[in-house]
Amino acid sequence: MPLSLLLTCLSTTVTLVSPAVLDPCSAYISLNEPWRNTDHQFDESQNQPLCDNHMNGEWYRFTGMAGDAMPTFCIPENHCGTHAPVWLNGSHPLEEDGIVQRQACASFKGNCCLWNATVEVKACPRGYYVYRLARPSVCFHVYCGHFYDICDEDCHGNCLDTTECACSPGTSLGPDGQTCFDENECEHNNGGCSEICVNLKNSHRCACGVGRVLRSDGKTCEDIEGCHNNNGGCSHSCLGSEEGYQCECPRGLVLSEDNHTCQVPVLCKSSAIEVSVPRELVGGLELFLTNTSCRGVSNGTHVNIVFSLKTCGTVVDVVNDKIVASNIVTGLPKETPGSSGDIIIRTSKLLIPVTCEFPRLYTISEGYVPNLRNAPLEIRSRNHGIFPFTLEIFKDHEFEEPYRETLPTLKLRDSLYFGIEPLVHVNGLESLVESCFATPTAKMDEILKYYLIQDGCVSDDSVKQYSSRDHLAKHFQAPVFKFVGKDHKEVFLHCRVLVCGVLDERSRCAQGCHRRVRREVGEDEDSAGLQSQTLTGGPIAIDWED
C-alpha cells in the first residue's frame with residue numbers, strides 16, 4: 001500500500017527566532033555535507049534518513065560538496081540524504097533586496113510541497129547566498145544544496161566571451177556574474193496554470209487540487225466526473241452511482257476533509273493526541289514517535305500511540321490563525337517476532353506524519369463567580385482539536401486558590417481577582433488578553449458593556465495586571481462594581497484571548513498594548529475565520545447596599 005495513503009493533513013509553518021545583530025554575510029554556519037546535495041540519492045537499505053532537527057533559526061551558507069545554494073525547483077523524495085528534501089519555492093534575491101522571506105517546501109510522495117516553512121534569504125556582496133533556516137516541524141526533512149552551472153573564465157559552455165556569460169533557457173545569471181540559477185516560472189502569472197504551479201529544473205508543470213484533473217491544454221483543471229477517470233481522485237475505493245460517485249476507505253482508515261484521501265484516525269485533544277493505526281497496516285513493524293521511547297501499544301485490532309503536546313518530541317508552532325502540534329509515527333521492522341506472532345513484514349518502513357490544529361483566538365465569559373460546575377471552556381477548531389482556557393475568580397492576589405466549592409458575596413469596593421488560565425501548559429506559547437468587558441447579562445452582544453481591557457491595553461486605571469510564571473496565564477485585579485440601575489444586580493465578564501509563539505517578536509502578543517496595530521492586524525485575524533465560543537457561568541448577586 002502506498003505510504004501516501006496514510007498521510008494525515010499537514011501544513012506547517014515554523015516560527016523563526018529574531019535575527020542576529022551581525023551581518024549574516026559574515027556570521028553564518030557552513031553546511032558542507034556531501035549528502036545534502038541534490039545529486040545524492042538516499043538508499044534506505046544502507047542508511048538511516050537524516051533530519052535537520054538541530055537547526056534553530058541560525059544563518060547558514062551552503063559550501064563544499066553540499067552545493068552553492070538551495071535549489072529553487074522541486075526535488076524528488078529520497079534525495080539529499082533523507083525522505084523529504086527541502087527546496088526553496090521562490091527565486092533568490094538580488095543584493096539590493098536585502099533580507100527577503102521565501103517559502104521552503106518539503107517533497108514527499110509526489111507532493112512537491114507537502115510541508116512548508118518560512119525562511120529568510122540574503123544575497124551577499126561576494127556572490128553567494130545565506131539562509132536563515134527554521135527547524136523542521138517533523139522528521140525526516142533536510143535542507144538541500146545544489147551545484148548550479150558555472151560559466152568559467154575559459155568561456156566553455158554558453159559563454160559569449162571571456163567576460164560575459166549566457167545561461168540556458170529556464171535559468172538566469174546570478175549576482176556573481178558566473179553562476180546560472182534556475183528561474184522560477186511559477187512566480188510569473190502562476191506559470192500560466194489555473195490552479196497549482198510546480199517549479200521544476202529549467203521548467204515547470206501545472207497540477208490540480210484533489211478531485212480535479214488537468215485538461216488537454218496542460219494548464220486548466222476540471223472536475224473528475226466518475227470513477228473511470230483517475231479512480232475519481234480517490235486514494236482507495238471509488239463507488240459510482242447514478243447521482244455521481246463517492247470515495248470509500250478500507251476498514252480502519254477514515255476519509256479526510258477533502259473527501260478523497262483515506263488517512264489514519266487521529267484524535268486531537270488538548271490533553272493528548274491519539275493515533276490509532278489498523279493492525280493490518282502495521283504487520284511486523286514496531287511503531288514509535290520522534291522520541292523513540294514513545295512506542296505504540298497493540299490492542300489486537302489497532303496499534304495505539306498516545307502523547308501530549310509536551311512529550312515525545314512533539315513540536316508546537318503558531319501558524320497564521322492556528323496552534324499546530326506535529327509529530328511523526330515511524331514504523332521499523334522488529335528485531336524479534338512480536339507476541340502477536342508476526343514473523344513476516346509487508347513493508348520495510350512506515351511513515352505517518354501527524355498534525356493537530358487548534359485555534360489561536362478564544363472568547364471566555366464568566367460571572368463574577370464561576371459556576372459551581374466550573375466546566376472548562378473548550379473551543380473547537382474548525383477541523384482538528386480543542387485547546388481549553390478557563391476564566392477563574394481567585395480568593396486573593398496570590399492567584400493560587402480559585403473559588404471552587406462556594407460562591408462568595410462580593411461587595412462594592414472589594415477587590416476582584418480574576419485570571420485567564422490554560423488547562424494545558426505548553427512551552428513556547430504565550431497569550432494576550434485582547435479585551436475584557438463586563439455586561440449586566442450573560443449576552444456578549446449586550447448594548448450596555450464596560451471595558452476593563454481593550455486592544456490589549458488596560459482601559460480602566462483601576463485595573464492592575466500581575467505577572468505570571470506561565471506565559472499563557474494572565475492575572476488581573478479590579479475593584480468590584482455594578483451597573484447603574486436597581487435592576488442591574490449581576491455582572492458578567494467576557495475576555496478575548498489570543499495565543500502566539502513566544503519567539504515571534506512580530507506577533508500580536510509581542511506588540512502588547514497597541515491600538516493602531518490592533519486595527520490593522522486584528523482585522524486580518526478576524527477575516528481569517530477565527531472561531532470562538534462563549535462559556536457563561538454565574539451569575540451572583542452583588543451586595544451593593546451599605
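Think of each number as a place in line: the chain as shown, counted from 1.
Cβ coordinates come from backbone N, Cα and C, glycine included.
Per Swiss-Prot, these features apply:
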SIGNAL    1-19  signal peptide
CARBOHYD  N89  N-linked glycosylation site
CARBOHYD  N116  N-linked glycosylation site
DOMAIN    182-222  domain 'EGF-like'
DISULFID  C186-C197  disulfide bond
DISULFID  C193-C206  disulfide bond
DISULFID  C208-C221  disulfide bond
DOMAIN    261-516  domain 'ZP'
CARBOHYD  N299  N-linked glycosylation site
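Everything Swiss-Prot records as a feature, shown here on the structure.
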residue	record	Cβ within 10 Å
N89	N-linked glycosylation site	22
N116	N-linked glycosylation site	19
C186	disulfide bond	23
C193	disulfide bond	21
C197	disulfide bond	20
C206	disulfide bond	21
C208	disulfide bond	19
C221	disulfide bond	18
N299	N-linked glycosylation site	9
Spatial separation of C193 (disulfide bond) from C221 (disulfide bond) - C-alpha basis, Å:
9
Among N89, C197, N299, which are recorded as recorded positions, the nearest neighbour of C208 (disulfide bond) by Cα:
C197
How does the model score the domain 'EGF-like' (182-222) in terms of mean pLDDT?
85
By CA-CA distance, flag whichever of N116, C186, C193, C197 among the recorded positions is nearest to N299 (N-linked glycosylation site).
N116
Going by C-alpha positions, which of the recorded positions (N89, N116, C206) is nearest C197 (disulfide bond)?
C206
